[in-house]
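What TrEMBL annotates here:
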type	residues	note
ACT_SITE	H131	active site, proton donor/acceptor
ACT_SITE	K135	active site, proton donor
BINDING	G8, A9, R10, G11, R12, M13, G74, T75, S76, A101, P102, N103, F104	NAD(+) binding site
BINDING	H132, G141, T142	(S)-2,3,4,5-tetrahydrodipicolinate binding site
DOMAIN	2-104	domain 'Dihydrodipicolinate reductase N-terminal'
DOMAIN	107-241	domain 'Dihydrodipicolinate reductase C-terminal'
Amino acid sequence: MIRVGVIGARGRMGSEAVRAVEAAPDLELVAAIGSGDALDALDGADVAVDLTRPDVVMDNVKWCLDREIHVVAGTSGFTPERVAAVRGWLAKAPGTGVVIAPNFGIGAVLMMQFAARAARFFESVEVIELHHPKKVDAPSGTAARTAELIAAARAEAGLGAMPDATAEELDGARGADVAGVRVHSVRSAGYVASQEVLFGGPGERMSIRHDSLDRESFMPGVLLSIREVVKRPGLTHGLDALLG
Ligand SMILES: NC(=O)C1=CN([C@@H]2O[C@H](COP(=O)(O)OP(=O)(O)OC[C@H]3O[C@@H](n4cnc5c(N)ncnc54)[C@H](OP(=O)(O)O)[C@@H]3O)[C@@H](O)[C@H]2O)C=CC1
Ligand SMILES: O=C(O)C1=N[C@H](C(=O)O)C[C@H](O)C1
């Protein structure tokens, strides 16, 4: 049995994760921690799953790594600087694993992979992410990571800046610049989590879209990450490596 604690257990994702862990025959829920609860309840846990907020997740990860508790971090906000900080902490806990999962959805992981693969073939690319209006951060972690992957693929292919004649702009009209890729965030009732990556080249365009219609879409990825993190010391960034 893998002993699991969920941090953010009363939230939208955390409560789903609690149910999923409780229903899994090889996992035991040993802690369900909400805001205001002490992390000490994680003593004895093998894995902590963090589904909280970008402003608290780093402290939680550090607390767990100081105690050699493996971490599955689904919370958004993992900038390259934060990922580097986690790597640094892991260097002092070499037997411990961390999975940072910008998105647990299998389709979303594929959408990010496909986008990175297509990136070198198009001169233009922009990302539109659409989420429920209770989301506290923008752009989404998924969109930011997608932009980073696209930017890396473009750089590797020797592509320069994208064509864009914008000379006058209402603040925000062209979205956020993430590693040179424009990311547009929509917040609207009726959405859980969606993303579309738009590519353009001479005489053609292509879009790759993924929609999570229900948070149950994330649960297979949460369970896979828990089962894998105990076998993988060090940092795993994204579910790609876990999917084979
Ligand atoms: N990787 C993925 O596939 C997915 C990631 N996410 C990410 O997961 C995170 C949570 O999303 P969501 O569930 O929608 O958000 P919610 O606001 O519904 O849940 C967050 C929960 O964290 C709790 N919390 C806040 N601070 C602490 C703390 N210091 N210790 C313990 N618990 C705390 C909150 O408690 P309280 O309400 O009392 O403040 C709340 O219950 C977000 O960053 C989101 O982007 C979401 C969906 C999928
Ligand atoms: O807050 C959400 O809901 C989601 N957050 C993650 C993100 O920021 O990418 C994953 C998914 O998009 C749902």
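Residue 1 is the first one shown; counting continues down the chain.
Glycine residues also receive a Cβ, built from the backbone N, Cα and C atoms like all the rest.
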Among the binding-site residues listed here, G74, P102, G141, whose Cβ has the fewest other Cβ atoms inside 10 Å?
G141
Among R12, G74, G141, please name the binding-site residues whose Cβ is nearer than 6 Å to ligand 2.
G141
Among H131, H132, K135, G141, T142, these being the recorded positions, pick the one whose CA is nearest to that of S76 (NAD(+) binding site).
G141
What is the set of residues, excluding H132, G141, T142, whose C-beta falls within 8 angstroms of the centroid of the C-beta atoms at the (S)-2,3,4,5-tetrahydrodipicolinate site?
S76, P102, N103, E129, H131, K135, D137, S140, A143, A193, Q195
So what pLDDT does the domain 'Dihydrodipicolinate reductase N-terminal' (2-104) average out to?
98
Report the largest Cα to Cα distance, in Å and rounded to a whole number, among the residues G8, A9, R10, G11, R12, M13, G74, T75, S76, A101, P102, N103, F104 that the record lists as binding NAD(+).
20
For ligand 1, list the binding-site residues among G8, R10, R12, G74, S76, T142 whose CB atom is within a distance below 6 Å of it, in sequence order.
G8, R10, R12, G74, S76
Nearest-integer angstrom distance between the alpha carbons (Cα) of G141 ((S)-2,3,4,5-tetrahydrodipicolinate binding site) and P102 (NAD(+) binding site):
5
For the residue listed as 'active site, proton donor', which residues of its chain lie six or more apart in sequence with Cβ-Cβ distance below 8 Å?
R187
